[in-house]
Amino acid sequence: MKSSLLVSVVISLVIVASAANFNQDIDVTWGDGRGKILENGNLLTLTLDKFSGSGFQSKNQYLFGKIDMNIKLVPGNSAGTVTTYYLRSEGSTWDEIDFEFLGNLSGDPYIVHTNVYTQGKGDKEQQFYLWFDPTKDFHTYSLLWNPQRIIFSVDGTPIREFKNLESKGVAFPKSQPMRVYSSLWNADDWATRGGLVKTDWSQAPFTASYRTFKADACVWSSGKSSCSSTSPSQNSWLSQELDITSQQRLKWVQKNYMIYNYCTDTKRFAMGLPKECTAS
């Protein structure tokens, strides 16, 4: 009786999915062999050539979580290519939290493109340069998604925060479970300098590499979450916010490396900026 009670208590506690092996946690979903899981599940590569790109998705769906992925982006002349890493729900009114890495000519910086969609509507783009070369080594790109906020981070440094401002009439993704997706594909009609610079196929194949996928998250399965509302202390990220140091680092990034912010684009939003841009 005591043992069964203990088991039930343990099950009722927050269950955290901590992914460590691509074979266990990831499905390569397209690319006809261009996506490969190597080194006993510790390395994943996506390849793009003139005929196709490639992509993968997580086996699990999540409703809130902190997702980390170590990525080494396409080196050299990556103009025209886009490497994506994002959370997305299913259906025509989907929610989505986006990292997109827009390739560039050799020596020119990558552009990190971020966006948030709720109920199929996005238009919340912020773009950044990075303070390092993302093609030389693996770097950790993180998405923290909890009921209060979404935080985009690079190597632990926050670059963007999107707060839950439903009280101000701003939609926030909080009810649709999402999978982790990633892809490498050709987007030379828009990716580099608005499509002016095309993909140089003589440089193909292009390859992006992935290690150490980690999902501290609420797994959604059969209509239920693995997280218990009675045990929030087991998942500190569910209530995580930016402390003073992190706020300062965020301001540093946005001052020195942000190159586009929809919240300051008065030409695009001539009838008035979105509510979240003026709410705080």
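Every residue gets a Cβ built from N, Cα and C, even glycine.
Quick look at what TrEMBL lists:
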type: ACT_SITE; residues: Glu96; note: active site, nucleophile
type: ACT_SITE; residues: Glu100; note: active site, proton donor
type: DOMAIN; residues: 16-210; note: domain 'GH16'
type: CARBOHYD; residues: Asn104; note: N-linked glycosylation site
type: SIGNAL; residues: 1-19; note: signal peptide
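A map of TrEMBL features onto the structure.
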residue : record                      : Cβ contacts under 8 Å, 6 or more apart
Glu96   : active site, nucleophile    : Tyr86, Leu87, Arg88, Ser89, Asn115, Val116, Tyr117, Gly122, Pro173, Met178
Glu100  : active site, proton donor   : Val82, Thr83, Thr84, Tyr85, Tyr86, Val112, His113, Thr114, Asn115
Asn104  : N-linked glycosylation site : Ser78, Ala79, Tyr110, Ile111, Thr192, Val197
Could you pull the average pLDDT for the domain 'GH16' (16-210)? 95
